[in-house]
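Enquirer: Residues annotated as active site, charge relay system in Swiss-Prot: H90, D140, S238. Residues or ranges marked as Ca(2+) binding site in Swiss-Prot: V112, E117. Residues or ranges marked as domain 'Peptidase S1 1' by Swiss-Prot on the basis of sequence analysis: 50-299. Annotation comment: Swiss-Prot describes 312-425 as domain 'CUB 1'. Swiss-Prot lists 435-547 with the feature domain 'CUB 2'. The domain 'Peptidase S1 2' annotation in Swiss-Prot covers 590-819, and the record cites sequence analysis as its basis. Under the heading N-linked glycosylation site, Swiss-Prot lists N39, N763, N926, citing sequence analysis as support. According to Swiss-Prot, the feature region 'Disordered' maps to 830-858. For 1-21, the entry in Swiss-Prot reads signal peptide, with the evidence type sequence analysis.
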Amino acid sequence: MAETSIFPIMMLTVMIGVGRGVTDSPGRVSRCGERPAANTSVSYGLLSRIVGGTSAVKGESPWMVSLKRDGKHFCGGTIISDKYVLTAAHCVLEKNFEFQVSVSIGDHDFAVYERSEQRFAIKSVFKHPNFKPSRPFNYDLAILELVESITFDKDIQPACLPSPDDVFPTGTLCMALGWGRLQENGRLPSSLQKVVLPLIEYRRCLSIMETVDRRLAFETVVCAGFPEGGKDACQGDSGGPFLCQRSQGRWVLVGVTSWGLGCARKWADNILDPVESKGSPGVFTDIQRLLNWLSENLNQDKPDFPTYQVQCSTNDGIEKGTTGEILLPTGYKKYYSNNEKCIWTIIVPRGKHILLTFKSFNVECDYSCDLDYLVIYSALGRLIGKFCGDVSPRPLLIADASITLKFISDFHEYKTGFSLFYEAVEPDTYPDSDCGSVAVIFEEGEIQTMNHPHLYSSHANCQWVVHSPANYIIKITFLVFEVEPSEGCIFDRLVVYHDLQGTVVAGFFCGFALPDPVLSVSNVMQITFTSDYSANYLGFRAVISFVLPSSPVKPEKGNNQPRKNQDAMQHFDEGCGVSPLPPRFLYHNLIKAEEAMPNSWPWHVSINFGNKHVCNGAILSKTFVVTSANCVADREEFPSIGLIVAGLHDLESSINTQKRPVEYVIVHPDYNRLSKDYDVALIHVQRPFQYNSYVQPICLPDGHSRLEPSKLCVVSGWDLNVELSTKLQQLEVPVLMDDVCKKYYDGITDRMFCAGVIAEEDNASCLAQSGAPLVCQSAPGTYAIFGIVSRGVGCNETPKAGVYSSVFLFIPWIMETILSVAGIIDTDSEPHHPLFPPDKPSQQKALLPDSPPSSSSQDIYVTCKDVLSLQSPGEIKLVASGQDGPEGGRCQLIFQAPEGHFILLTFKQLSHEHYSLIIYEGASSNKTFKAQLMEEKIPTIMKSAGAVITLEASSTAQDSALHLWLSYSFHNQN
């Protein structure tokens, strides 16, 4: 089939109230864009590919379609309703297509029969009339109408079509799916593949395409991909879906796989490459641009479908005056139209506020109001509320003289619309609210934070006043609760009052624990929600009900604060690279950083000089921090003014932090101030860090870890965006190929690499977030530090990717430097984390570069009975018990390196009962005592003074037990 590729769009939504009586449309068991059979979480941390991708998990793409000719797959498609499938127009060109092709759904692996598989015949084909085979990259879209209706279940669901308001920013990670070739002209897979690609800015895509052929004109496309290639859709993926995820979790069909130059070719150097080597981003048909055509063809079989096809079926525009009414639809029309977009602006006299009262309301219901909805904005564009369902929203008092209402409908399911009155009222009718509204509630129902299920806004100051009938009290029951946690709820919080004056507190709440229900003491309750300028979360959703008091209610103050404020902190074992509070990405955008979950990067530290945040670093051990040399090179002679702050999220708050004075600074001896080569340094602190839920070390990469191009990693820091943020930010960045990096930067050495998106807007590390760690997943949930920010580009210039020092290449220097402090690393009273990530034994070598794994490396499993001489680097596991002999066990491990070398022992595991473990320098009669190993005080690494070292284990007890696992490597003394 034709070549391929990918691209897209997104939006921010809100809901103050969703109507009751949610019912599915006929034949719909679930809602579009949901995956009931799959884990709802999506990890982009370990990047996937179709060309360069991974196998999809069964159930995570229930809308996927395979078009088959003679039983063989040739194109993909997407289920969008119980009767319709979307595919590419270039897939349906053959004569009598509907009689030659079948639609297969519920299929995941072509090699095996699956109970979810279903085949459908095609009734009719609607190809976009503007599609031309001679110019197949425009209007490349077709609708397949099925003979029979699809019955939805957990394995088969439709994808959502985009709404006119959906916007997915440049850099957003989206997903393409298909059974296409795994490489250009390569084999076809049997199981469904997926690839995650970032959206490319439209103008940039056009400029790239001009390097292919200036005659190409792209009108209805979106583009996605990495400049260095390696990941794309390919032959056989055509017609398949390209989906982006809304912030509350739904998957939206943003594009249909259409076209591309080759498969996964790089296009960063297209101008320089010969014609036969040029590549392109993935090119997808832009569904949002073709919504009107889709609506006309998807609804023509509905007898009651409104035939008027205008942007808004009623007179929208500006409404002025002290009172008025807004109706949709109007006149003889019974239903509003599909694909409507109506906008009203209400303006009342200056100094007045606006009271909205809904007379009727019936809009297609959806839990997140993403299908059809009415949305209200303040004069400054702040989102006030988003509504859908069949229950009228409660009266809204907006503290402004101007508001904007927008109504959006999708391509199916039309209802009878709404009727509302607006009225200008005096400002003192109820207290003002910076939230933009005061909800006055006289009926039972639901309330929720602004923007829910999206993040609530900063500087919110929202208010609900609830009145119950006489003789009833008010009960608030929380369904969802996620508000920025803090000691005493000093940042963001929900407060419930027993009175309108706000003097009698019924409860205050923040964090992630679901509060207990709150009862009022009378028929009045006031609820307020406030937020500061950052760290926004999902907020809350709660049910208001009126109940009869069973007994006199005493005002009690409630809260949801757990002991020691560790409600979201998981139990964790001491180690490295694991956060007690796992990181969370809401937007999966490769260009614009977002605020991190507090303390989700617990190794990140602020390096202060003169009581001011200067740069960043990462904790390697309880006494060592790694950073960039350019951060500290001019300050290494003045360590006394340095301070390391760990456990820090907000630069303006010291909650949960540990402050450690700098003892000394060690800059790499080969650091060059001009070229920034060897840009790495270590800081030794005067007192050890205490590991807890907020402070943890990061792992070093192990000996088998390599950074592949396009691998997604994470950089964290306080100034990743244009303006300095006081809250820690995070940004996902893809690793770039060396030749791409060298194209944009001069002086790139073997000790540097680049990561980030080259785009026409702000980018990674643009303010030279010096010393910030770049961490990558070494295993699910475990991170290692692969890079240290060395330099970036000012945001006012054309953005480039950030330049990072390669930590892997500095491991020998890091270890040598730390070991030079003492023969044994950090042996204070607590056990220490390994400096390398936990993994399978075969991946635990973590050897220094001058002692690479080889055919002579040993992986040995022994019992404690004899003397074992080890003369090649490797690993050993020693297991013994008192049952090995009547007098316990005794053994020696003699590690012997070549002359002129020293030995590094890396301890990975030690547990013993009634065993003595002693390390000696030398062997036999020439050995001298070096250290005794204690289970509660195990070192991470031990360095020998000479070329021979002996480990002796002995026990005389029959109930003794020993488990020891270590690796050993040999290194030149010079």
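In case you wondered, yes, glycine gets a Cβ from its N, Cα and C as well.
Can you tell me where each of these features sits in this structure?
Expert: Around H90 (active site, charge relay system), a 10 Å sphere centred on its CB holds 22 further CB atoms from the protein chains shown.
Under the DSSP three-state reduction, D140 (active site, charge relay system) is assigned to coil, being neither helix nor strand.
Under the three-state DSSP scheme, S238 (active site, charge relay system) falls in the coil class.
When other Cβ atoms within 10 Å of the Cβ of V112 (Ca(2+) binding site) are tallied across all protein chains shown, the result is 10.
Note on the domain 'Peptidase S1 1' (50-299): its mean pLDDT in the predicted model is 82.
Note: the domain 'CUB 1' (312-425) comprises 0 helix, 60 strand, 54 coil (DSSP; helix = H, G, I, strand = E, B).
DSSP assigns N926 (N-linked glycosylation site) to a helix. Neighbour count (other Cβ atoms within 10 Å of the Cβ, all protein chains): 11 for N926 (N-linked glycosylation site).
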Enquirer: H90 (active site, charge relay system) to V112 (Ca(2+) binding site): how many Å between their Cα atoms?
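Expert: Pair distance, Cα basis, whole Å: 29 Å.
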Enquirer: Fill in the CA-CA distance, D140 (active site, charge relay system) to S238 (active site, charge relay system), as an integer in Å.
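Expert: Pair distance, Cα basis, whole Å: 10 Å.
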Enquirer: Could you tell me the C-alpha distance between N926 (N-linked glycosylation site) and V112 (Ca(2+) binding site) in angstrom, no decimals?
Expert: 66
Enquirer: Which residues in the same chain, at least 6 apart in sequence, have a Cβ under 8 Å from the Cβ of E117 (Ca(2+) binding site)?
Expert: S104, I105, G106, D107
Enquirer: Taking only the Cα atoms, work out how far S238 (active site, charge relay system) lies from V112 (Ca(2+) binding site), in Å, as a whole number.
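Expert: Here the two Cα atoms are 23 Å apart.
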Enquirer: Using DSSP, would you call E117 (Ca(2+) binding site) helix, strand or coil?
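Expert: Going by the DSSP assignment, E117 (Ca(2+) binding site) belongs to neither helix nor strand, so it counts as coil.
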Enquirer: Pick out which of the active-site residues D140, S238 has the most other Cβ atoms within 10 Å of its own Cβ.
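Expert: Going through D140, S238 one by one, the largest Cβ count within 10 Å is at D140.
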